[in-house]
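A.B. asks: Checked TrEMBL, it gives:
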{"type": "ACT_SITE", "residues": "Asp10", "note": "active site, nucleophile"}
{"type": "ACT_SITE", "residues": "Asp12", "note": "active site, proton donor"}
{"type": "BINDING", "residues": "Asp10, Asp12, Asp206", "note": "Mg(2+) binding site"}
{"type": "BINDING", "residues": "Lys181", "note": "substrate binding site"}
Amino acid sequence: MKKLNYFLLDLDGTLILGNSVLNGAIEFIRELNNRKKKFLILTNNSSKSSSSYLKFLRKLGFPISSKNIFTSGRATAIFLKEKGIEEAYIVGTRSTIKEFESIGVKFNAESENLVLTFDTTLNFKKLEKATKILRNKRGVYIATHPDNICPVENGFIPDVGSFIALLKEATGRVPDFIPGKPSKYFFTKAMDLINALPEETAIIGDRLTTDIKTGKDFGITSMLVLTGETTRDDLKASEIKPDFVFENLTNLLKFLRSYL
């Protein structure tokens, strides 16, 4: 393995679980900073804006700046703006909607376009509105990411993939595009943000179908940590195999010091 200079890091299940910092996470980020390595914390969790994540992670003790965070929500807003879509009915938290609007995609309750995010304030009224929009079949339908569940301290909670499945049953529609992980769009944007060279890049995460699959698709080193969604039984049963497997980031860092 070549010397690694760029790192793409998953958040939920890799660095944190809910409001708890996972073993070795802060030490790992400090090591990257001390060695002046470029890194991005990538999250499909679109329940918060990038600025909210920055504040939240700093409070937990992570030595990071705004340039170190890239979310599926931000990627989705950028995608819509690039496509000339400047308004939508956004199923999302206030924090997420605020970030969309800062990028130039306004919330419009009467829009025929639907954007589905990880709305932790989701209620029946929002689902009813989303169903009506999708059944009218006049606008675009974009979801931030496909994850079915999100790992938290006490287990898992429903994620956007579950919302997608519910709306498919109600409307027959699936998203026209999903900009978050594991899309090529998301990782192309991420790699460009830190000017990463594939042969010098590693992706670290807890999900086989997003983090590790992306590593394989992009030809970059993939490292699975068993602190989130994936178990050893899952790994054994999966056709997607990481280059390396670690119990946690502490063990990963011990291994990586030879390649930093």
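Just so it is clear, glycine is given a Cβ too, placed from its N, Cα and C backbone atoms.
All TrEMBL annotations are machine predictions without curation.
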A.B. asks: If I take the Cα of the residue listed as 'substrate binding site' as reference, which of the recorded positions Asp10, Asp12, Asp206 has the closest Cα?
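C.D. replies: Going through Asp10, Asp12, Asp206 one by one, the Cα closest to that of the residue listed as 'substrate binding site' is Asp10.
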A.B. asks: With every protein chain in view, what's the tally of Cβ atoms within 10 Å of the Cβ of the residue listed as 'substrate binding site', excluding that atom itself?
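C.D. replies: Its Cβ shell of radius 10 Å holds 28 other Cβ atoms.
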A.B. asks: Quiz question: given the recorded positions Asp10, Asp12, Asp206, which has the greatest number of C-beta atoms lying within 10 angstroms of its own C-beta?
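C.D. replies: Per the Cβ count within 10 Å, the most buried is Asp10.
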A.B. asks: Other than Asp10, Asp12, Asp206, which residues of the chain come within 8 Å of the Mg(2+) site, judged by Cβ distance to the Cβ centroid of those residues?
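C.D. replies: For the Mg(2+) site, the extra neighbours are Leu11, Gly13, Thr14, Leu15, Thr43, Pro151, Gly205, Arg207, Asp211, Val225, Thr227, Gly228, Glu229.
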A.B. asks: Look up Lys181 (substrate binding site) in the DSSP assignment and report helix, strand or coil.
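C.D. replies: The residue in question, Lys181 (substrate binding site), is coil (DSSP, three-state).
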